[in-house]
Amino acid sequence: MDKAALPLSGSDHGAMSGGGSFASLRAYGRALAQTPRRVARRACAATAPGEEMSRVRARSGAHMARALRWWDLVGLGLGGMVGAGVFVTTGRATRLFAGPGVVVSYAIAGLCALLSAFCYTEFAVDMPVAGGAFSYLRVTFGEFAAFLTGANLIMEYVFSNAAVARSFTAYLGTAVGVDAPSKWRIPVPGLPEGFNQVDLVAVGVILLISVCICYSTKESSLVNMVLTAVHMAFILFIIVIGFVHGDARNLTRPADPSQNPGGFFPHGAMGVFNGAAMVYLSYIGYDAVSTMAEEVERPARDIPIGVSGSVVVVTALYCLMAASMSMLLPYDAIDPEAPFSGAFRGRKGMAWVSNVIGAGASLGILTSLMVAMLGQARYLCVIGRSGVMPAWLARVNPRTATPVNASAFLGLFTAALALFTELDILLNLVCIGTLFVFYMVANAVVYRRYVGAELGRARSAWPTLAFLAAFSLVALSFTLVWKLAPPERGVRTGLLAACAALAVATVAAFQALVPQAHAPELWGVPGMPWVPAASVFLNVFLLGSLDRPSYIRFGFFSVAALLVYVLYSVHASYDAEESGLDGGGAKVQDEACTV
């Protein structure tokens, strides 16, 4: 896929010899005139894993310290996934879709998350660098695909972190019995609605976490472990309270049988799967763990345990929470906005439970913020290494062994948004960018196994690309039928069965006709190509469940990223890669990394 071998034009040589595309306005003008040619050369240029591990990583200067073990990764995964949003998501999925069957919804969603986690793990073990999905897509599909998805993901991180930080004020107020939005936020007359409430608490939290992650990754992991342990204690307390004060009859009996169906699955399989689509968003966060791969001491052992282990533990916790809540109240009596605290509202002597829930949610916000900010800084650091963003973002501080510039830049940007902006984004539901990246990584695993372009012995890509396109279309057809087909007379069931059968046949035919070109050395996704194909299918289905504003936001971010790429990134990348200043580099393993 790399087009670096194309000859340079005279204008290209002129732009480079003058100190690069940004040496002067004249040089930039010449570079812009060469934009179509440069995009053609760079957009599909894929680096080799060896380059990512050596030449590209060297642009950061000092190495990040390899100090994390599998228990650190499990703690970071738990902290990243179990945020305050689960308290809301569980209630909505139960009341609106699945009823008590939300327990099964969580189990299905956990399985889906595990499939995506396997795809991340194969890349992270073979290529333990800090870029996560950006690096994985860059070595597979090239620079532009990686930049587009990485830019969307960072913007989603920043906007959602700002929203989460502002919600910390409200949950902390609940924990101490104060109406925090009115007491702790400062109104500013003259500013438009939604931008006129200054939240200094949110800014303070973001800046404090930024300082912590700049200081040391290992110490940040220890802080996360302590906060996560306390948060888990709150979660387990809520689960126990629910089982002790709940009634098993609520698992099958609605509060109003005349208006709502009964049974453990009141809305059938459709309700359970719709509920799974909603609660799956509570699992988002484990992907940030893969960005810590460059700081893991033994990647081949610690990353599979850390990523998959955290998903399994969180699935068990979520299922227990869902069962506990379903026992407290009939599903049609649950408050979808405050399911746990609402369940104790009006119970004599139990009002204090709301304060406990507020305290637990506050800790969940802190841990999810810390993990997200660790992940976003490492994404930006590696994007800086690649040459498509300013190189100073890639610098690793030699004293702290952390990407201080990227961490500080994103921390200040996020704090500025959280100071004024009342982002109308529900916790853990800003996910279209993340789901799109999950979809792309699953495709990339298949492409890498069956084409192996980066290994210098690439087979023809067309059979694999045709399979990926066809399978995605089948998954999209299934999703559209699920959403739009009329349920009468079994029409929907028949169409869904036909789409599912076609999906299975497509994967089976691909497996039989196209042999693998590459076998991973240390750890690989089991059941190839079925596991990544299932991940592709499920992520397309989940993308189809999102609302229109999510796609509008994704489109806006994508257009903005495209403009940045065309006006700056492709020229900066061209200067960095085509000038030949970096030299080559074989795959090397730093001294602190042990298999």
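Quick reminder: no glycine exception, Cβ is built from N, Cα and C everywhere.
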Task: Matching range for TrEMBL feature annotation, transmembrane segment, among 4-25, 26-47, 70-91 - done: 70-91
Task: Range from 135-155, 305-329, 349-372, 526-544 with most C-beta pairs under 8 A to the transmembrane segment (103-123) - done: 305-329
- [ ] Rank 135-155, 462-482, 494-514 by Cβ pairs under 8 Å to the transmembrane segment (526-544) and hand me the top one.
- [x] 462-482
TODO: Mind tallying the domain 'Cationic amino acid transporter C-terminal' (523-573) by DSSP state, helix then strand then coil?
DONE: 40 helix, 0 strand, 11 coil
Task: Whole-number mean of pLDDT values that fall within the domain 'Cationic amino acid transporter C-terminal' (523-573) - done: 86
Open item on the list: What residues elsewhere in the chain lie close to the transmembrane segment (494-514), defined as a C-beta under 8 angstroms and at least 6 residues from its ends?
Closed with: 450, 463-464, 467, 470-471, 474-475, 477-478, 481-482, 485, 529-530, 533, 537
Task: Candidates 135-155, 194-215, 305-329, 462-482; stretch with most C-beta pairs under 8 Å toward the transmembrane segment (349-372) - done: 194-215
Open item on the list: Quick check for me: are there 3+ Cβ pairs below 8 Å between the transmembrane segment (305-329) and the transmembrane segment (462-482), leaving out pairs under 6 residues apart?
Closed with: no
